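Per TrEMBL, the features are as follows:
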type	residues	note
DOMAIN	26-393	domain 'FMN hydroxy acid dehydrogenase'
BINDING	Tyr52, Arg193, His289, Arg292	glyoxylate binding site
BINDING	105-107, Ser134, Gln156, Tyr158, Thr184, Lys265, Ser287, 320-324, 343-344	FMN binding site
ACT_SITE	His289	active site, proton acceptor
Amino acid sequence: MDITTEQLSAGMQYQLQIYFAGTQNVKPQLPVSFEELEQKASEVMKPEAFAYIAGSAGSEITTYNNKEAFNHWQIIPRMMGDVSQRSIVIELFGMQLPTPVLLAPVGVLSIAHPEAEVAVARAAKNLRVPQIVSTVSSKTIEEIGSVHGDHPHWFQLYWGRNNDFTRSIINRAEKAGYTAIVVTLDTRLFAWRERDIKNAYLPFLYNEGLANYFTDPVFLAEVGDPARNKMETMMHFANCFSNPSSTWNDLAVIRECTKLPVIVKGIQHANDAKKSIDHGADGIIVSNHGGRQLDGAIGAIDTLAGICDEVSDKTTILFDSGIRRGADVFKAMALGAKAVLVGRPYAYGLALAGEQGVKEVIANLLADVDLTMGLAGCNSWKDVTRDKLHHRN
Ligand SMILES: Cc1cc2nc3c(=O)[nH]c(=O)nc-3n(C[C@H](O)[C@H](O)[C@H](O)COP(=O)(O)O)c2cc1C
Ligand SMILES: CC(C)CC(=O)C(=O)O
C-alpha cells in the first residue's frame, strides 16, 4: 500500500521533504540547532549588534539558568496510543491559533536586517504565528500592522512616565489593528549589560528602535525636531520609555486606555501574578526577559509550575525565556502555559536570511513541536499534562 502524504504527520512530512531534498544535494539554508544558528549569526552580524542580541545581564548566569532549568524537567513518554491524528492548535483569548508559538517582542531589529520587523511580519503571517511588536521596533507599528491585516498581531508597550504618550501609542496600535496589549514590567530600569558596556553600544543612540517615537504626535509636540538636540530627545525617550516609580495601582492608566486584552510580561512570582489579576490584567507572561534584565535570577521555567498552581484557573498564562526546541515547548505547556514566545532564535534567522530565515527557524521549531507531542504519546495539548513530566530533583 502506498503511503499518502495525508497519512504522514505535519512534522514528519516536513522532515521527509528535507531528507528528500538532500538526495538532490539541497541542504537546509540555515543551521537547524540553536547553538549553530547563534554561531552562524555571530559570523555575519556586526559584532556589537550580535552582542546586543545574544547578550544578557551581568555575568549572564540567568540565561544559563534558563537553559539549565529545562533539564530539571524530563518528559516521560507513553507508548501505543494512536497518535496519528495530532493537533497542536490552541485557543487564546477566544481566538483559535494553529500553533502554540508567538514571536516575542524583540526591539531594534534593524540591527539584524534592514527589513527588520516588516520581514518578521511577512514570515509570521505566512506561518500563521502571531507577532508581538515592540514599542522600540525599527519600523512603525502602522507599517508592520499593515503587513498583518487581519492576521493576529499584538502590541508590546514600554510604559513610561508620560501618560499622554502611553495613550497616544495605544491608540495608534488599536487603529493599526493590533488585538492585545502586552505591558512589559521587568524593564523599568535598563539592566547592567556587560557586553554592551564593553562595546559602548546602545542602539537607541544611533536612532535604531525609535521609529514609533519619531512618528508620535505627543512625542514630537514635546521634542520638536528630534535631530535638533540629541541629548534632549534622548531624555524625552527615557521619560516615555520607563518609570521606575510606577506601582500596581498605576496599571489602571492602561486599563482605562483600552478595551483590548492587557497582558503583563515579566512575572516570576505567584504573588505578582495575583496582583496583576487584581489590577485588571487579562493574562500574564511568565518571563525573565531571556535573562537580559536581572543577573542571578532563577531559570524562568522553574517559576512556571508554582505560578500555574496559584492562578491558572483565574488567568491566561504564557511563557518565554529559553525556548529553543520542541521539547521546551512541550515542558512549558505541560506545566500549564497556554502558549509560548520565542525571542532570539527568530532574530538570528532574520539576521541570516531575512523573511525566509525567520520562516525557516519557526517552521523547524513547529515540526519539532508536532513530533515531540506524538513521540510523547499525546494527540493534543489536553493530553500534555504535568504527569507527563518528572522533576529531576
Ligand atoms: C534583542 C532583544 C530585544 C528585545 N526587546 C524587547 C522589547 O522591546 N520588549 C520586550 O518586552 N521584550 C524584549 N525582549 C525580550 C523578549 O521579548 C523575550 O522575553 C526574550 O527574548 C525571550 O527569551 P529568548 O530570547 O531566550 O527566547 C528582547 C529580547 C532581545 C533578545
Ligand atoms: C529598550 C530595551 C530594554 C529593549 C529590550 O527589551 C532589550 O534589549 O531587551
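Cβ coordinates are placed from backbone N, Cα and C, and glycine is handled just like the others.
Feature map: TrEMBL annotations on the structure.
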residue : record                  : DSSP (3 states)
Pro105  : FMN binding site        : coil
Gln156  : FMN binding site        : strand
Thr184  : FMN binding site        : strand
Arg193  : glyoxylate binding site : coil
Ser287  : FMN binding site        : coil
Arg292  : glyoxylate binding site : coil
Ser321  : FMN binding site        : coil
Gly343  : FMN binding site        : coil
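Within 8 Å of the Cβ centroid of the glyoxylate site, not counting the listed residues Tyr52, Arg193, His289, Arg292, the chain contributes Gly55, Ser56, Ala57, Ala191, Asp196, Gly290, Gly291, Gln293. Averaged across the domain 'FMN hydroxy acid dehydrogenase' (26-393), pLDDT in this predicted model comes to 97. Filtering Pro105, Arg193, Ser321, Gly343 by Cβ distance to ligand 1 (under 6 A) retains the following binding-site residues: Pro105, Ser321, Gly343. Proximity to ligand 2 (Cβ under 6 Å from any of its atoms) holds for these binding-site residues out of Gly107, Thr184, Arg292, Ser321: Gly107, Arg292. Its own atom aside, the Cβ of Pro105 (FMN binding site) has 25 Cβ atoms within 10 angstroms in the protein chains shown. Put simply, of the binding-site residues Tyr52, Arg193, His289, Arg292, the one whose Cα is nearest the Cα of Pro105 (FMN binding site) is His289.
DSSP gives Tyr52 (glyoxylate binding site) a helix state.
Here Gln156 (FMN binding site) is compared against the binding-site residues Tyr52, His289, Arg292, and the shortest C-alpha distance is to His289. When other Cβ atoms within 10 Å of the Cβ of Gly343 (FMN binding site) are tallied across all protein chains shown, the result is 20. On the backbone, the CA of Ser321 (FMN binding site) and the CA of Arg193 (glyoxylate binding site) stand 17 Å apart. Those residues noted as binding glyoxylate (Tyr52, Arg193, His289, Arg292) have their most widely separated CA atoms at a distance of 13 Å.
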